[in-house]
Amino acid sequence: MIHDDDPNAPGAPHDDDATAAPASATRAAPAAGDDDDANPLHLRRIRSFVTRAGRVSTGQRRAIDELGPRFVIPYGSAQPDWDAIFGRRAPRVLEIGFGMGASTAEIAALRPGDDFIGVEVHEPGVGALLKLIGEQQLSNIRIIQHDAVEVLAQMIAPDSLDGVHIFFPDPWHKARHHKRRLIQPPFVAQLAAHLKPGAYLHCATDWQNYAEQMLEVLSADPSLENTAQDYAPRPGYRPVTKFERRGLRLGHGVWDLVFRKKHAG
């Protein structure tokens, strides 16, 4: 995910809590030594991230130590009682790859009646979002620090999500790497299976080629329907990041896609 505090973005600031930012948390890469082209089953091993080293700042570490026990849910093979974890029954949205969490926190503050499960593998991003949770006194976010593909399979019940957010996943812009992209038919089918009928899947990217692939893959899934003719206007709840503003000023495009799960029959 590209976010306001990404130090890998052009012109991004380098402060104490930003220097450890992952470039993207929604990166699908094969394990070292895998030969995707020789193994037709490589999609079974798709990951929602790429391993990236990062330094955890003092503020992030403090947030992890102080707030982690309440807001970070350990990965496990059983489905948690999410109503009990959040202390209520409310619409539930899964965000895959929240980066440094600025957009996640802003959306959660804007939508206090909804609960958000953020999945991110990189510890600096987890610490950054926990820091925002503490500063803004947000109670409607929980975090799982693990691969989103496995989280979805093990910890999220079918037909249980009211929404899924995937903002600015790694575009893998070289043609030979397109098979590593997260938005592929098997994963989209898995996402759709965990959405309630009528629930939405919202993807955003600033790479036109990836936007075109997203549109093709999402449109081909028989359980999903597009809410727009092709690309959707940016929903008001999705913040415009500093990186995105710079890109728009330079004439770069951003594409939002919002699909809904069809009702049975």
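In case you wondered, yes, glycine gets a Cβ from its N, Cα and C as well.
As the structure is a computational prediction, the values presented were derived from the model and not from experiment.
If you check Swiss-Prot, you get these features:
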| type | residues | note |
| --- | --- | --- |
| REGION | 1-40 | region 'Disordered' |
| COMPBIAS | 19-32 | compositional bias 'Low complexity' |
| BINDING | Glu95, Glu120, Asp147, Asp170 | S-adenosyl-L-methionine binding site |
| ACT_SITE | Asp170 | active site |
| BINDING | Lys174, Asp206, Thr241, Lys242, Phe243, Glu244 | substrate binding site |
Which residues does Glu95 (S-adenosyl-L-methionine binding site) neighbour through Cβ under 8 Å, counting only same-chain ones at least six apart?
Thr104, Phe116, Ile117, Gly118, Val119, Val164, His165, Ile166, Phe167
How many Å lie between the Cα of Phe243 (substrate binding site) and the Cα of Asp170 (S-adenosyl-L-methionine binding site)?
15
Looking only at Glu95, Glu120, Asp147, Asp170, which the record lists for S-adenosyl-L-methionine, tell me the maximum pairwise CA distance in angstrom.
15
Which whole-number value in Å describes the distance between the Cα atoms of Asp206 (substrate binding site) and Asp147 (S-adenosyl-L-methionine binding site)?
23
Check the DSSP secondary structure of Asp206 (substrate binding site), expressed as helix, strand or coil.
coil
At 10 angstroms around each C-beta, which of the binding-site residues Glu120, Asp170 has the fewest other C-beta atoms nearby?
Asp170
Between the Cα atoms of Glu244 (substrate binding site) and Asp170 (S-adenosyl-L-methionine binding site), what distance do you get, rounded to the nearest Å?
15
Where does Thr241 (substrate binding site) sit by DSSP, helix, strand or coil?
coil
Binding-site residues compared (Lys174, Lys242) - highest count of Cβ atoms within 10 Å:
Lys242
Using only the residues recorded as binding substrate (Lys174, Asp206, Thr241, Lys242, Phe243, Glu244), report the maximum Cα-Cα distance in Å, whole number please.
25
Rounded to the nearest Å, what's the C-alpha distance separating Asp147 (S-adenosyl-L-methionine binding site) and Lys174 (substrate binding site)? Just drop the number here, would you?
23
Go through Asp147, Asp206, Glu244, our binding-site residues, and report the one whose Cβ sees the most other Cβ atoms within 10 Å.
Glu244
